[in-house]
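Participant: Found this in Swiss-Prot, in case it helps:
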{"type": "BINDING", "residues": "12-18, 40-42, Arg307, 333-335, 415-417", "note": "GTP binding site"}
{"type": "ACT_SITE", "residues": "Asp13", "note": "active site, proton acceptor"}
{"type": "BINDING", "residues": "Asp13, Glu14, Gly15, Lys16, Asn38, Ala39, Gly40, His41, Thr131, Arg145, Gln226, Thr241, Arg305", "note": "IMP binding site"}
{"type": "BINDING", "residues": "Asp13, Gly40", "note": "Mg(2+) binding site"}
{"type": "ACT_SITE", "residues": "His41", "note": "active site, proton donor"}
{"type": "BINDING", "residues": "Ala301, Thr302, Thr303, Gly304, Arg305, Lys306, Arg307", "note": "substrate binding site"}
Amino acid sequence: MSNVVVMGAQWGDEGKGKIVDLLTRESDVIVRFQGGNNAGHTVLVGEKQYILHLIPSGILHEGKKCLIGNGVVLDPEVFCREIDSLRAQGVDMSPARLMISRKTHLIMPYHKVLDQAREAHKCKDAKIGTTGRGIGPCYEDKSARIGVRAADLAMPELLRSKIEAALVEKNALFTGLYGQQPLDADAVFEEVMAHGAKLVPYLADVSSEIHDAWAEGRSVLFEGAQGTHLDIDHGTYPFVTSSNTVSGNAAAGSGVPPTKLDRIIAIVKAYTTRVGAGPFPTELDDATGEYLQQKGHEFGATTGRKRRCGWLDAVVLRESVRLNGPTDIALTKLDVLSGLKEISICTAYTYRGEQVAYPPQEQNGMAHVTPVYETMPGWDDDITGCTTWESLPAPVKAYVLRIEEITGVRISLVSVGPERDQTIRR
């Protein structure tokens, strides 16, 4: 039995979907422990591409149980739409293999309206690039202890009272500050209950389900969303998400003790990308950046937005290692670098006249660093057909080993293409 946490080591979009899908074969239960539908996993199975926003990608494997933990914020409308889409493609979506924690907080219609109104109201320089899906406002209500939880769907009177109480404040903001029309409590209640009727059969005690699985000797895979440097506490604040994305939250967001987590795999893309606003020291606003974007198909699975691209930032990776304590690294999209004559790695920053090995902690400090690069030979070889470590060209192996040396963490998986079988185990 092995319990594995998979988390992103950069700004999200590291290729977690493929690695989770690969590791699912070796797991019995897959748990999503934070975030909402602001993140998307793209999984390629044969000729079929699946994009999952809420439901763990383990659902694509027969016989696997998928759980959505208390650390997630769930949009009932999106959840129901995702269920219908997967079911139409022949995937078993029965409550016996997909469960939602009763403690999971729900994204309400007014959360989405507030998220979009607030971002539109900000001046250009203050925008943080939110997806506008209500994630932040939902986490706000959770922290303020006025949120709606999944279990409330089975208690209509409690749900209605929570909606009415929330709209007293939300409507004051809509009409008084943002110039929006007020929302009607009855309309919101009816909309939520319409989706809630489909959602209630999936409610369960997720913590208990995980502990029962362990008692039976089964393995659990904890699937993180987004990336370390979008973490609400440890990311490039304020250009971050609203939840903790680091590995430690796998326990809190699922209802299990951290001592049960055996292995932590950090997913690292072979170059760096970022969606939306925020500092990005190694960003390439040139032909090389365009090359990476086009060859790597760097467009958001959730928003379709172009991802900003740049060289691998080892300063960011060192911080990720310090925060997450990974046992090993899965290196993804190495094949995208094929065709580049030279490849650079940022090994340090210059900040306030000094060379530093870790990101500055002041707000927007990373917007004022200068990357220090080392350059390595590139390669022209197409490596997508390589199936063993020995078959990789020498410059490719040198690049992988250099990343391993800088981070101090073994790279156990090397992805050389989007398919499941285009992965080399070391």
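All positions are counted from 1 along the displayed chain.
Here the Cβ of each residue, glycine as well, is placed from N, Cα and C on the backbone.
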Participant: Fill in the CA-CA distance, Lys18 (GTP binding site) to Lys306 (substrate binding site), as an integer in Å.
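Facilitator: Here the two Cα atoms are 20 Å apart.
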Participant: Please list, in sequence order, the residues in the chain of Gly12 (GTP binding site) that are at least six apart in sequence and whose C-beta is under 8 Å away from its C-beta.
Facilitator: Ala39, Ala225, Gln226, Gly227, Leu230, Arg274, Val275
Participant: Tell me, which recorded positions from Asp13, Asn38, Thr42, Val416 are within 10 Å of Arg307 (substrate binding site) if we use the C-alpha atoms?
Facilitator: Asp13
Participant: Taking only C-alpha atoms and a 10 A limit, tell me which of Asp13, Lys306, Leu334, Val416 are near Gly40 (IMP binding site). These are the recorded positions.
Facilitator: Asp13
Participant: Out of Asp13, Gly15, Thr42, Leu334, Val416, the recorded positions in the record, which is closest to Arg305 (IMP binding site) when you go by Cα distance?
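Facilitator: Ranked by Cα distance from Arg305 (IMP binding site), first place goes to Asp13.
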Participant: Rank the binding-site residues Gly15, Gly40, Gly304 by the number of other Cβ atoms within 10 Å of each Cβ, and give the residue at the low end.
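Facilitator: Looking at the binding-site residues Gly15, Gly40, Gly304, the Cβ with the fewest others within 10 Å is that of Gly304.
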Participant: Relative to the Cα of Asp13 (active site, proton acceptor), which of the binding-site residues Thr42, Thr131, Lys306, Val416 has the closest Cα?
Facilitator: Thr42
Participant: Relative to the Cβ of Val416 (GTP binding site), which residues of the same chain, six or more apart in sequence, are found under 8 Å away?
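Facilitator: Listed in sequence order, they are Leu334, Asp335, Ile383, Thr384, Cys386, Leu392, Gln422, Thr423, Ile424.
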Participant: Between the Cα atoms of Lys306 (substrate binding site) and Thr131 (IMP binding site), what distance do you get, rounded to the nearest Å?
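Facilitator: For Lys306 (substrate binding site) versus Thr131 (IMP binding site), the Cα atoms are 13 Å apart.
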Participant: Tell me which of the binding-site residues Gly15, Thr42, Gly304 ends up closest to Thr131 (IMP binding site) in space, Cα to Cα.
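Facilitator: Going through Gly15, Thr42, Gly304 one by one, the Cα closest to that of Thr131 (IMP binding site) is Gly304.
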Participant: Using Cα coordinates, what distance in whole Å links Gly15 (GTP binding site) and Gly304 (substrate binding site)?
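Facilitator: A Cα-Cα distance of 16 Å.
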Participant: Quick one: Cα separation, Thr42 (GTP binding site) versus Gly304 (substrate binding site), in Å?
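Facilitator: Gly304 (substrate binding site) has its Cα 12 Å from the Cα of Thr42 (GTP binding site).
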Participant: Let's check the environment of Thr42 (GTP binding site): how many other CB atoms sit within 10 Å of its CB?
Facilitator: 21
Participant: Near the Cβ of Thr131 (IMP binding site), how many other Cβ atoms are there if near means within 10 Å?
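Facilitator: Other Cβ atoms found within 10 Å: 23.
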